Amino acid sequence: MKLWGVWNIPACILLSLFLQVFLVLFASLRQRSRNSFLRFLICLAYLSADWVAAVTIGLITKFLTDPCHSRGKEDLYTFWVSFLLLHLGGPDSITSFAIEDNELWRRHFFGLILRVVGAAYYFFLILANSKLWLPTILVFVVGTVKYAERTLALYLASTDHFGAIALPKKSRAGEVVNNNPNTESVVDDDMELLMISYDLFGKFKGLIAGYSLAFEQIVKSIEYFQRMPYLEMGFKLIENELSFLYEVFHTKVCVVGSRIGLIIRLSSFCFIVGAFIGFHFVIVDNYKNHEFGAFEMSVTYALLIGAVGLDIISGIRLIFSDWIVASNYYGFKRYWREYIPRCFRKRSKWCGSVPRYNIIDYFLDESWILNTKLPGWLRRVVDNIKGMLFSSSEDANEHLKRFIFDELKAASFQTHGTDEDRRNYLSSEQESAVVKARDHVNYTLQFTFDVVSLHLATEICYQLTEFEYADERKESNNCKVISDYMCYLLIMKPAMLAPVAMKD
């Protein structure tokens, strides 16, 4: 216990710093990795980061309010508290692990108020006689800003407020779609394709918030899709759009990606560097005979170096992120666009695999678990574990991509004809969607039944059919992969299949 009483605060400080470093370096891999262990580590680090920072603040507060504690470390520990507030702000690459986490923005908002007000009052009492008042205040300001950025990002991505950023806006990116009838030149230019993806994302993200698309937007999108000569272009386009959607829901890009956000980020970096320089000179000039041990000083310098280094890494990633490049493309000088590193333009945003789930294998393995009465919460845990065990993934090969691309392209030509014909066809489709939305329960049950029954039929036919030609096996494999994927969505990700409510 004595050892813990001496090393608990520095150990928790270093653990909090380690979690921040891990999240900054690896959190973005969650978007394009199918490694379950890596995703588990990211989830564990995300959940632990706030808890460790909050516990450490409590330990420091308990230490400083204890009348029996050793004097001389108040200034240094107070300086550490400001870094913990910085850690609570979290990295830019992850603000939420699941969409449901965005609904907790109120909790973060009240936590922001309580921690900032409490820390400010405590600093007011302690820093009057402290030599470290300037670097402490600088880091405190940056920590408050980062915490506010995270709270605002959660607010904008929450269900009730996503509509505030979901309405389509006029952007110069749309000129690329409207003024570029020759799509063959686009496929060789990743920057132009990124711009098109950004424009289409701005139009279609309203569907998530329940808005319907204008007839002109639907027609232009269909026409552009029909002109696509290569399937790689279509998949890359969707990959970019889903990447933008991921950034909106799970990162700070909507907050720090604006001009004001970039200015604030640059100012915050200058504050951190100023705190580093100020701390070094204050220690050299005024604390030659201080009671700080070598370990405490090493921890403090680690916090400062870590803050500066992580800010540099986050800043570089932000500048070359797809969101910044696409939203400010026409603001860049022509020569600057050409020198954007090709590795940033060519980076993958998708692991290239298709998740699968076989419901027959699941039920064949039920054995005693199916007949055992378990509490509701334990049954859900068992079902989730079994769901993960019986789900797998498969690389999306070119034959499967071609099959999907050709089928979607063929379906898009059902809207051929005059504008009036297209308008009538699309109106009938929207009316059908409204009827299904009104009869939500029956439609959901029917949809679930169709997916399961077709999945079972596909599995039985696939297992009983003997294929004479390789092409037949490829076509059957495509059907089985799509069937397993639909079953995976139904069992493991049912929220992704929920009908979108239509709004007038």
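Each residue, glycine too, has its Cβ placed from N, Cα and C.
Automatic prediction, not curation, is the source of TrEMBL annotations.
As annotated by TrEMBL, transmembrane segment applies to 6-29 (among others).
The transmembrane segment annotation in TrEMBL covers 41-65 (among others).
What TrEMBL records for 44-362 is domain 'DUF4220'.
Remote same-chain partners of the transmembrane segment (262-283), defined as residues 6 or more beyond its termini with a Cβ less than 8 Å from a stretch Cβ, comprise 79, 131-132, 134-136, 138-139, 141-142, 145-146, 149, 256, 290, 297, 300, 304-305, 307-308, 311-312, 315, 318. According to TrEMBL, the feature transmembrane segment maps to 262-283 (among others).
Remote same-chain partners of the transmembrane segment (303-325), defined as residues 6 or more beyond its termini with a Cβ less than 8 Å from a stretch Cβ, comprise 13, 17, 20-21, 24-25, 28, 80, 83, 86, 91-93, 139, 191, 194, 198, 240, 243-244, 247, 253, 256-257, 262, 265-266, 268-269, 272-273, 275-276, 279, 332, 340-341, 344, 349. The feature transmembrane segment is assigned by TrEMBL to 303-325 (among others).
Tertiary proximity for the transmembrane segment (41-65) is limited to same-chain residues at least six positions away from its ends with a CB under 8 Å from its CB atoms, namely 8-9, 12-13, 15-16, 19-20, 22-23, 26-27, 29-30, 74, 77-78, 80-81, 84, 87-88, 90, 94, 97, 115, 122, 126. Tertiary proximity for the transmembrane segment (6-29) is limited to same-chain residues at least six positions away from its ends with a CB under 8 Å from its CB atoms, namely 38, 41-42, 45-46, 48-49, 52-53, 55-56, 59-60, 63, 77, 80, 83-84, 87, 90-91, 93-94, 295-296, 299, 302-303, 306, 310, 313-314, 317.
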